[in-house]
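Step one of this worksheet: look at the structure below.
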Amino acid sequence: MTNQAESIRVGVLGARGRMGLEVCKAVDAAGDMELVAMLDQGDELFKASEAHAQVFVDFTTPDAVMDNLRWAVDQGISVVVGTTGFTDERLSQVREWLAAKPGVGVLVAPNFGLGAVLMMQFAARAARYFDSVEIIEQHHPRKLDAPSGTSTHTAHLIAQARAEAGLGPMPDATKEEVDGARGADIDGVRVHSVRAAGLVAHQEVLFGSLGETLTIRHDSLDRVSFMPGVLLGVRKILERPGLTVGLDSFLD
Ligand SMILES: NC(=O)c1ccc[n+]([C@@H]2O[C@H](COP(=O)([O-])OP(=O)(O)OC[C@H]3O[C@@H](n4cnc5c(N)ncnc54)[C@H](O)[C@@H]3O)[C@@H](O)[C@H]2O)c1
Ligand SMILES: O=C(O)C1=N[C@H](C(=O)O)CCC1
């Protein structure tokens with residue numbers, strides 16, 4: 001049963017989108033949360049502060065998210081962000097805004113699937129033991145960006161682990177005859193983006209070494225897979241001022 005006195009007041013941005021609709025349902029069904037605002041493109045953000053939202057959940061677009069974040073942080077509203085497109089420059093900008101608002105928290109998580117978080121952790125752990133690694137991410141064809149936020153984050157983690165282990169570039173004698181044939185180069189890791197009807201969100205990390213390969217794969221078969229992670233973010237963000245990147249540190 002909802003205890004109104006302790007409920008977290010949540011506003012959803014991108015509420016009419018694929019993820020936003022799912023988040024509204026999950027927040028509405030959570031006994032410890034109250035859905036106080038459902039906003040999409042064209043709606044005025046001040047409606048959420050009028051509704052006294054304590055936390056925003058943003059699943060909008062890479063073009064929209066920074067303006068939303070700026071406004072929320074200025075208003076003292078903490079934000080759980082699933083929207084992709086976060087470069088190092090964007091993260092530095094958010095840190096700057098937060099420096100002026102010490103009580104406010106922002107969580108930017110490239111993937112809220114708990115299995116996906118583990119897949120990234122396992123990939124980072126395996127990285128030092130293999131000569132080669134490539135990432136194949138697969139998504140539905142209405143996705144606006146490539147490569148995915150998850151694959152970019154995974155590539156950063158792998159590159160960091162390889163650098164810490166003193167590994168050099170991967171063996172690869174191939175001359176690319178057609179641009180793009182070898183995928184995108186993210187921190188020295190090749191990332192291949194597949195878009196096909198019927199898919200939701202999937203990623204394989206393929207490692208190779210002498211006479212063996214290791215494949216780590218995660219599949220989100222339905223957008224409900226992201227909801228436990230989103231709700232965890234909402235529950236924890238009010239105790240986590242400043243910027244947090246990735247859901248990892250919110251897990252026990
Ligand atoms: N982190 C994760 O676990 C995760 C999971 C799924 C999707 N995503 C990301 O979330 C984002 C949204 O994905 P989606 O599939 O729901 O997209 P979508 O296109 O279905 O939904 C986006 C919604 O945002 C709305 N919107 C656009 N500008 C807005 C603004 N200024 N204010 C409020 N709403 C605005 C659009 O009208 C649309 O309804 C993408 O960046 C996607 O990559 C992240
Ligand atoms: O459907 C999407 O869009 C997704 N985007 C995220 C990404 O870019 O990694 C997470 C998975 C779903």
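Residue 1 is the first one shown; counting continues down the chain.
Cβ from N, Cα, C; glycine included.
According to TrEMBL, the protein has these features:
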ACT_SITE  HIS139  active site, proton donor/acceptor
ACT_SITE  LYS143  active site, proton donor
BINDING   GLY14, ALA15, ARG16, GLY17, ARG18, MET19, ASP40, GLY82, THR83, THR84, ALA109, PRO110, ASN111, PHE112  NAD(+) binding site
BINDING   HIS140, GLY149, THR150  (S)-2,3,4,5-tetrahydrodipicolinate binding site
DOMAIN    8-112  domain 'Dihydrodipicolinate reductase N-terminal'
DOMAIN    115-250  domain 'Dihydrodipicolinate reductase C-terminal'
Tell me which of the recorded positions HIS139, HIS140, LYS143, GLY149, THR150 ends up closest to ARG16 (NAD(+) binding site) in space, Cα to Cα.
LYS143
Hey, what's the widest CA-to-CA gap across GLY14, ALA15, ARG16, GLY17, ARG18, MET19, ASP40, GLY82, THR83, THR84, ALA109, PRO110, ASN111, PHE112, the NAD(+) contacts in the record, in Å?
21
Can you give me the average pLDDT across the domain 'Dihydrodipicolinate reductase C-terminal' (115-250), rounded to a whole number?
97
Among the recorded positions listed here (ALA109, HIS139, LYS143), which has the Cα closest to the Cα of THR150 ((S)-2,3,4,5-tetrahydrodipicolinate binding site)?
ALA109
Whole-number Å only: compute the distance from the Cα of ASN111 (NAD(+) binding site) to the Cα of GLY149 ((S)-2,3,4,5-tetrahydrodipicolinate binding site).
8
Highest CB neighbour count within 10 A among the recorded positions ARG16, ARG18, HIS139?
HIS139
C-alpha spacing of HIS140 ((S)-2,3,4,5-tetrahydrodipicolinate binding site) relative to ASP40 (NAD(+) binding site), in angstrom:
21
Cβ within 8 angstroms of the Cβ centroid of HIS140, GLY149, THR150: which residues besides those meet this for the (S)-2,3,4,5-tetrahydrodipicolinate site?
THR84, PRO110, ASN111, GLU137, HIS139, LYS143, ASP145, SER148, SER151, ALA201, GLN203
Cα distance, LYS143 (active site, proton donor) to GLY14 (NAD(+) binding site), nearest Å?
14
Rounded distance in angstrom between the Cα atoms of HIS140 ((S)-2,3,4,5-tetrahydrodipicolinate binding site) and THR83 (NAD(+) binding site):
16
Consider only the binding-site residues ASP40, ALA109, HIS140: which of them have a Cβ under 6 Å from an atom of ligand 1? Write none if no residue does.
ASP40, ALA109
Please go through the binding-site residues ALA109, ASN111, THR150 one by one and keep those whose C-beta falls under 6 A from any atom of ligand 2; give the result in sequence order.
ASN111, THR150
Please list, in sequence order, the residues in the chain of ALA109 (NAD(+) binding site) that are at least six apart in sequence and whose C-beta is under 8 Å away from its C-beta.
VAL80, VAL81, GLY82, GLY229, GLY233, VAL245, GLY246, LEU247
